[in-house]
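Per TrEMBL, the features are as follows:
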TRANSMEM  9-30  transmembrane segment
TRANSMEM  148-170  transmembrane segment
Amino acid sequence: MNWQKTKKIVGSIGSTFMYIILAVILFNVVTSKMAGEPPSIFGYQMKAVLSGSMEPGIKTGSLILIKQTANGDQFKKGDVITFITEEKILVTHRIAEVKDGGQRYITKGDNNNGPDLEPVHINNIVGKYTDITIPYVGYIFKITESQLGGALLLFLPGIMLVFYGLFSIWRTVRMPETYKDAKGVDAK
């Protein structure tokens with residue numbers, strides 16, 4: 001087998017694999033949205049970071065991947081966690097100090113001057129940051145969490161499929177004419 005053919009096959013397999021992954025993620029996000037739960041894949045959640053408190057490590061507008069916590073998980077100083085504040089706001093900060101044998105944590109944003117005012121109880125921790133960050137995708141992810149964004153997320157794939165179907169039909173109908181023109185055959 002020659003190099004060009006091998007390259008084409010590997011490219012096709014890679015593209016197919018990426019489309020399958022994208023379809024699984026899209027399906028997961030849509031079903032999670034419909035159930036009113038945060039999207040989760042194999043125990044991991046995607047979260048948008050919309051403040052600069054963790055810069056330069058985590059840029060504003062990034063999408064991060066966190067590993068969901070399970071009962072009995074313990075965290076140590078230096079771990080980056082995502083937690084829910086008393087005001088029901090999701091925050092991602094670094095643990096600066098462990099209190100009460102791991103029941104409460106003092107956290108601090110890397111870009112903040114001082115620690116957070118309220119300690120974080122272990123039950124309020126959503127997950128631990130996995131060091132996976134996708135810059136700027138968090139802005140798009142945040143839009144999908146709104147009602148309009150959720151509606152677009154549900155309807156946009158369907159609309160795209162309709163347009164793709166129409167394009168395929170148009171291309172199929174037009175193909176004989178294009179083929180004849182390319183061969184120099186009179187269309188009459």
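Note that Cβ sites are derived from N, Cα and C of the backbone, with glycine treated the same way.
These figures come from a predicted structure and were not determined experimentally.
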Open item on the list: Same chain only, please: residues at least 6 beyond the ends of the transmembrane segment (148-170) with a C-beta under 8 Å from a C-beta of the stretch. Say none if there are none.
Closed with: 26, 29-30, 33-34, 142
Open item on the list: For the transmembrane segment (9-30), give me same-chain residues lying six or more residues beyond its boundaries with a C-beta closer than 8 angstroms to one of its C-beta atoms, as numbers and ranges.
Closed with: 39-41, 144, 153-154, 157
